[in-house]
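Copied over from Swiss-Prot:
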| type | residues | note |
| --- | --- | --- |
| DOMAIN | 3-120 | domain 'MTTase N-terminal' |
| BINDING | CYS12, CYS49, CYS83 | [4Fe-4S] cluster 1 binding site |
| DOMAIN | 143-375 | domain 'Radical SAM core' |
| BINDING | CYS157, CYS161, CYS164 | [4Fe-4S] cluster 2 binding site |
| DOMAIN | 378-442 | domain 'TRAM' |
Amino acid sequence: MAKKLYIETHGCQMNEYDSSRMVDLLGEHQALEVTARAEDADVILLNTCSIRERAQDRVYSQLGRWRELKLANPEMVIAVGGCVASQEGAAIRDRAPYVDVVFGPQTLHRLPEMIDAARITRLPQVDVSFPEIEKFDHLPEPRVDGPSAYVSVMEGCSKYCTFCVVPYTRGEEVSRPFDDVLSEVIHLAENGVREVTLLGQNVNGYRGTTHDGRVADLADLIRVVAAVDGIDRIRYTTSHPLEFSDSLIQAHAEVPELVKHLHLPVQSGSDRILAAMKRNHTTLEYKSRLRKLRAAVPGISISSDFIVGFPGETEKDFDNTMKLIEDVGFDFSFSFVYSPRPGTPAADLKDDTPEALKKERLAALQHRLNQQGFEISRQMVGSIQRILVTDYSKKDPGELQGRTENNRIVNFRCNNPKLIGQFADVHIDDAQPHSLRGSLLQ
């Protein structure tokens, strides 16, 4: 009987990508098959996120729930990876001594040998080092699960924003070689993938070396990926405004496979707060980039990230953020109350803003962002959208669902499963708060 793997993933798309590669790796080296039930597993993997305090607390809550499983089955291996593992290392076992393996984002390729060593020696295995991009040399070709796929093009970040743990948990920026990324995309396309999302913590900082020694940027990579037979749609995330270049704007204008949607985190509309965050740009510079992009690609959808309640944020600072939202007209975006992360410079800043006021500001900001996003959805009613059909609707098995270029879910009545994995033209009939409804055009 095949041994079972249970994997739980917290956090960003990069973690989702890493988790899929762990499944590939352990399937090839240890013949582990994925199970949906932790109690049936021989190996449990928790891929963690440390971007906010609540996410970190969630890790230990989940590990606590698995403690009884480990007591009932001492042969079970529990492994913790991702950014919490990278940040805390062996200290994880101080709170959860039944954890067998602790590994970082850059050492996931060592999982098979670490699991074997834990079983043989009965000793904990810990490796949270940063061996640059070495892990990709040890991973098998990715399996394909649906028409969309993530492709990691770079790891880490060298921006050192004062609130962010990424440089400390994933290391400095390192780009994958250009040809390695291209080979992965070709493999995915040959196995039915139609849409790829190029991933990096600062993806527009990509600088990949080609086989002839040249250095290619993200715009170069996008143009070559677009030429791969079978790839009809390209996304990328997450970007930094400082490196949103003219060449990338030109790619948006000239490459039809590149979607008319950009996620460009700004974090705040206050120049004073942006300086304290060490974002190294102003709101004027941010808006200038977007004006240039919208001139090149009319109708492009812009989403962003916002942090409310950064230490020292005044009412005027928050008002400036709300003004930026009005000036730009964002699509649905992500926003959070600031969460101090240990080891980051911002964690040492004085913070005298009451928590209740932070939550009040967040609610106001989210309300306006949702209004703007819903207005964009309503403007799409009556239009014909080309969507990539991804699966059956989660609520109605008589419906299929897919995504538009601007990343909206569309549900439409259709009982033809052969449409899954294909593009279809759908007339948008109605806008709902978090999705669209449409009719398939024959």
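Just so it is clear, glycine is given a Cβ too, placed from its N, Cα and C backbone atoms.
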Can you break down the domain 'MTTase N-terminal' (3-120) into helix, strand and coil residue counts using DSSP?
68 helix, 22 strand, 28 coil
Helix, strand and coil counts within the domain 'TRAM' (378-442) (DSSP):
6 helix, 35 strand, 24 coil
What are the other residues, in sequence order, whose C-beta lies within 8 angstroms of the center of the C-beta atoms of CYS157, CYS161, CYS164 at the [4Fe-4S] cluster 2 site?
LYS159, TYR160, PHE163, VAL165, VAL166, PRO167, GLN201, ASN202
Among all protein chains shown, how many Cβ atoms are found within 10 Å of the Cβ of CYS83 ([4Fe-4S] cluster 1 binding site), not counting that one?
29
Count of other CB atoms lying within 10 Å of the CB belonging to CYS164 ([4Fe-4S] cluster 2 binding site):
21
State the Cα to Cα distance, in Å, between CYS157 ([4Fe-4S] cluster 2 binding site) and CYS49 ([4Fe-4S] cluster 1 binding site), rounded to an integer.
15
Rounded distance in angstrom between the Cα atoms of CYS12 ([4Fe-4S] cluster 1 binding site) and CYS164 ([4Fe-4S] cluster 2 binding site):
14
So what sits near CYS49 ([4Fe-4S] cluster 1 binding site) in its own chain, CB-to-CB under 8 Å and at least six residues off in sequence?
HIS10, GLY11, CYS12, ASN15, ALA55, GLN56, GLY82, CYS83, VAL84
Hey, which of the binding-site residues CYS12, CYS157, CYS161 is the loneliest by Cβ count within 10 Å?
CYS12
Suppose the [4Fe-4S] cluster 1 site is CYS12, CYS49, CYS83. Which further residues of the same chain have a Cβ inside 8 angstroms of that site's Cβ centroid?
HIS10, GLY11, MET14, ASN15, THR48, SER50, ILE51, ALA55, GLY82, THR169
Note the mean pLDDT of the domain 'MTTase N-terminal' (3-120), expressed as a whole number.
93
